[in-house]
Amino acid sequence: MVINFEELHPNERVELERNIFFSTLEQLKGWARSNSLWPMTFGLACCAIEMMGVGSSHYDLDRFGSFFRTSPRQSDVMIVSGTVTKKMAPIVRRLYDQMPEPKWVIAMGSCATAGGPYVNSYAVVKGVDQIVPVDVYIPGCPPNPAALIYGINKLKEKIRYEAKTGKQVTNK
């Protein structure tokens, strides 16, 4: 069906312009992906308690379209919260590799972002970004659930921006 805009009444033209939008397939996929993130929780220390609070009725992460998954094969976001030891590093990498593409990582808390108070220990990895690429860093010891929700919203913005521009946003 072809619509000739010149033949329409001005009010009809305005109404039609309000109800039609143009987009690319990549932008549509980015919008859909950003509004249906399925995070996999990987809690290693006290930050995990705050991460669990996001799933409670007070914060209700479900209202943002995000549902916690227990399997990496069903997840597209890995939230690493807590101290990552060198013994745990291969497991983090294996879980990341099992996630389907596209996949994103959120480092939650001082320990996950830079080693935290245990940074000088021989057994602690100095940031999960040495094992897997991190998309969003959430500082704090421990960060509160509102900070995690803010970080998830920042990840959504990043996904939409990358879909719109076609440019990969990196933290390095």
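Note that Cβ sites are derived from N, Cα and C of the backbone, with glycine treated the same way.
Cβ neighbour count for C46 ([4Fe-4S] cluster binding site) (all protein chains, 10 Å cutoff from its Cβ): 16. According to Swiss-Prot, the feature [4Fe-4S] cluster binding site maps to C46, C47, C111, C141, an assignment based on sequence analysis.
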List the same-chain residues at least 6 positions away in sequence whose Cβ sits under 8 Å from the Cβ of C47 ([4Fe-4S] cluster binding site), in sequence order, or say none.
S81, G82, M108, G109, C111, A112, P142, P143
Around the [4Fe-4S] cluster site (C46, C47, C111, C141), what further same-chain residues have their C-beta within 8 angstroms of the site's C-beta centre?
A45, E50, S81, G82, T83, M108, G109, S110, A112, G116, G140, P142, P143
Through the lens of DSSP with three states only, how would you label C46 ([4Fe-4S] cluster binding site)?
coil
